[in-house]
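Student: One structure follows; several queries about it will come next.
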Amino acid sequence: MPSLAKSGAFSSLFVVYGAIAAFVATLVVTHGLGEAGAGLFFQVMALFTIGTSLSVFGSDTGLVRTVSAQRAVGRYSAIPRLIRFATIPSLCIAIGLTVVALIYTLPALTPSLDHDYRVAVNVSAPFLIAAAAMTICFGVLRGLNRVVTFTALQNVLLPTLRILAVLLVVSMAGSMLSLALAWAIPVVVVGLIALVLVRKYMPRAEDDVAEGSVPAETAKTFWGFSAARGVSAVVESILEWIDVLFVAAYGGVVASGIYGAVNRMVRMGVMVEHTGRIVTGPSISAAIATNELDKARRIFLGNTRALIAIGWPFYITLAFFGPVLMTVFGQGFDRGAGILWVICPAMMIMMAAGGVQSVLLMSGKSRWQLYNKLSSLAVSFILNFLLVPTYGIWGAVTAWAAAILVDTALASYEVLKLVGISAKPTEMFPIMLAGVGVPLLGALGVTWFMGMGWVQLFVYAAIVIPIYGILLYVFRHAMGVEMIFKSRKKKKRIGKHFASKESN
């Protein structure tokens, strides 16, 4: 079984690739369709993402928690039953949502609906069933601690297939129908592969349950956790896209396309936090299940330092060089660069909180997270409703930043005061100082003396990246990031023997 360090090294690499690949797919869409076409595509993506979350309804995270916990205590025979608990309701919900979507797009019911939008929804809706099945398989793989396998599927294979399909459609000047199919069909392919791998990695050993272990899960206890997580996941999906939908409703598809591009750019950094959840989630769950709270805290602390080390320089760079970076989407998208100064500081605060969301979930406190997300959604909805009609994308980004800060503050308090896991300021100060100091001084110096442009961005990167990397390495023990470099030293050996080890 791959260790946490090895899983982290490979998973981080795969997630970085996935973020880049998804970003490239977005670039292909924005260049091929322009601001208006991209705005329409982002709306369809929003509905598909929300529909998938509603279909699964938290059962994937429920599987991560329960499968890893039952596996940790040696109750292997419970795992197939847990999968059944998750699969049947999720597929039923997906089928129901598909029927609702197809009825909604009937011309007799919605005669004023945009034709391209109607076609895209009609084509995408049936793929919700495949997306639900794929997501459940992903949850099982994560619960079995096959994190590298999961990230390879989700963050390498799926986005790669989407890039190839979208490139083909755009190069042939395809319709919105073709583009929707290009985005959805890879879900079926990856889902089938995930199903085969779940069957391969299922434990076949006899149960070996120690006294005092966590009890076996029932359908009631499984969905008691998962349903609360399901509402939370749906709320998270709505939070991710609600501002895009508000901008589309009040500002039109052009403004929606520009704002959606900013959204995609900013969320590239969120993949770092997502990686932390994927890599550390099962280990935190297992540590809590075996009453090893100190071990859970060490994992949390290492994750928090990694988020700051990677996330802070990213968002500082994005804020300063936004006018340059936004031009990669095409002509006109740089009009959204200014709002990066609102959202990037909020994202840095979220990164500094560490993996508080993962700790809440893996400690069984999904209801706390639900209340946090509902509070954030209320803030987002109210502010979007009040600000977007007057201030457009500036109002939307203000609502987005406020929702992030509310969620982060609530989750951080609960993990600190109620779960009992926290990071001391003295433990975080060295990496925080490096994470903000080097990129900030570099960005100020380059933009002050050289101005703004691609050449200046390359000069900034050529100066900051080596200095920051050397600083992290020299002071790796003081900053608590030594595991990053240990993983790098072992990389060749891991790569050489990984396939055989994972199959055992």
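We number each residue from 1, going along the chain as drawn.
The backbone N, Cα and C atoms fix where each Cβ goes, and this holds for glycine too.
TrEMBL annotations: computationally assigned, not manually curated.
Copying in the features that TrEMBL gives for the protein in this structure:
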- 12-34: transmembrane segment (TRANSMEM)
- 40-64: transmembrane segment (TRANSMEM)
- 85-105: transmembrane segment (TRANSMEM)
- 125-144: transmembrane segment (TRANSMEM)
- 156-174: transmembrane segment (TRANSMEM)
- 180-198: transmembrane segment (TRANSMEM)
- 306-326: transmembrane segment (TRANSMEM)
- 338-362: transmembrane segment (TRANSMEM)
- 374-394: transmembrane segment (TRANSMEM)
- 431-451: transmembrane segment (TRANSMEM)
- 457-475: transmembrane segment (TRANSMEM)
Student: Looking only at the recorded stretches 12-34, 40-64, 306-326, 457-475, which one has the largest tally of CB-CB distances under 8 Å to the transmembrane segment (156-174)?
Tutor: 12-34
Student: Spell out yes or no: are there three or more C-beta pairs under 8 angstroms between the transmembrane segment (431-451) and the transmembrane segment (180-198), with each pair 6 or more apart in sequence?
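Tutor: In this chain the transmembrane segment (431-451) does not contact the transmembrane segment (180-198) - fewer than 3 Cβ pairs sit under 8 Å.
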Student: Tell me if the transmembrane segment (125-144) touches the transmembrane segment (457-475). I count contact as 3 or more CB pairs below 8 A, with pairs 6 or more residues apart.
Tutor: no
Student: By a Cβ-Cβ criterion of under 8 Å, what residues six or more beyond either terminus of the transmembrane segment (125-144) are in contact with it?
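Tutor: Contacts of the transmembrane segment (125-144) (Cβ under 8 Å, skipping residues fewer than 6 from its ends): 48, 51-52, 55-56, 59-68, 71, 79, 83, 86-87, 90-91, 93-95, 97-98, 101-102, 150, 153-154, 184-185, 187-188, 190-191, 194-195, 197-198, 201-203, 278, 281-282.
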